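Here is what TrEMBL says about this protein:
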{"type": "ACT_SITE", "residues": "42", "note": "active site, nucleophile"}
{"type": "ACT_SITE", "residues": "156", "note": "active site, proton acceptor"}
{"type": "DOMAIN", "residues": "9-169", "note": "domain 'PNPLA'"}
{"type": "REGION", "residues": "321-341", "note": "region 'Disordered'"}
{"type": "MOTIF", "residues": "40-44", "note": "motif 'GXSXG'"}
């Protein structure tokens, strides 16, 4: 019997679009891949942790039953906490499924990524309770309240590493697959580029991030990310400020809500950060889910998003198989770097 291809899986952040991760994992298992390592940010950390603990099928059965009214009740909204949602009810169910399991006892190597808002650094959870790691990683600013743990103010890992490939580097995998939830709505999003003098200068990239994210994110969060990717150097002034002052503003799209603006800004920010990070830590194979497939809080749409994940995974694997010399599918000898759809 041929040896199974060992896979390291990096699962990206993206709110409810993270249900697509379930479909990707289902397809990999159906095709006989051996998932030996999982790293995730935000919803990627949640799905990855549940998979590593062996309870993803039970979680999948549960979320498939959720209606929009169920989701509103579970989100546990609050006006007093530093975030619109406490997420305690959702985490209670997740903790119940996990049963107190610890990361170091999992049969699959697992890393949950969070961002420390005080030190401006990534935090990798590679030991300790799985549910604690998940709760820290899913704390999307302005949506879900952050948590304080061991002197660290922890928020969504997608702020600094939306698709955490780096934590899987030590795994003995034949193939690294990254699942991105911030793809363009068109058929082919831009391919992550390696940083060079010919690509966009870091100062320009940081400036674009600041102009977008500053619309909705806390000033300290924006400052944290820009400092992280500018090597600690101060970022220059925005020379384009005021260029469009003579233009006449048009009407905003009908039905545009505050949460929609927050989501669009966060999606833009995380897409830029993901491009930057994947330039340094590329995967062998990319599965990309369009960022307009669902809104951040569309947790009542599990069935269609799981199906979308399956569809995207099948397309990526079939494309890799067609590119391999023997047509059997991707592994470290045949993939090269297969870019996102």
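Placement of Cβ uses the backbone N, Cα and C atoms for every residue, glycine included.
Secondary structure at residue 156 (active site, proton acceptor), taken from DSSP and collapsed to helix, strand or coil, is strand.
Confidence across the domain 'PNPLA' (9-169), taken as the mean pLDDT and rounded to a whole number, stands at 92. Cβ contacts within 10 Å of residue 156 (active site, proton acceptor), excluding its own Cβ and spanning all protein chains shown: 29.
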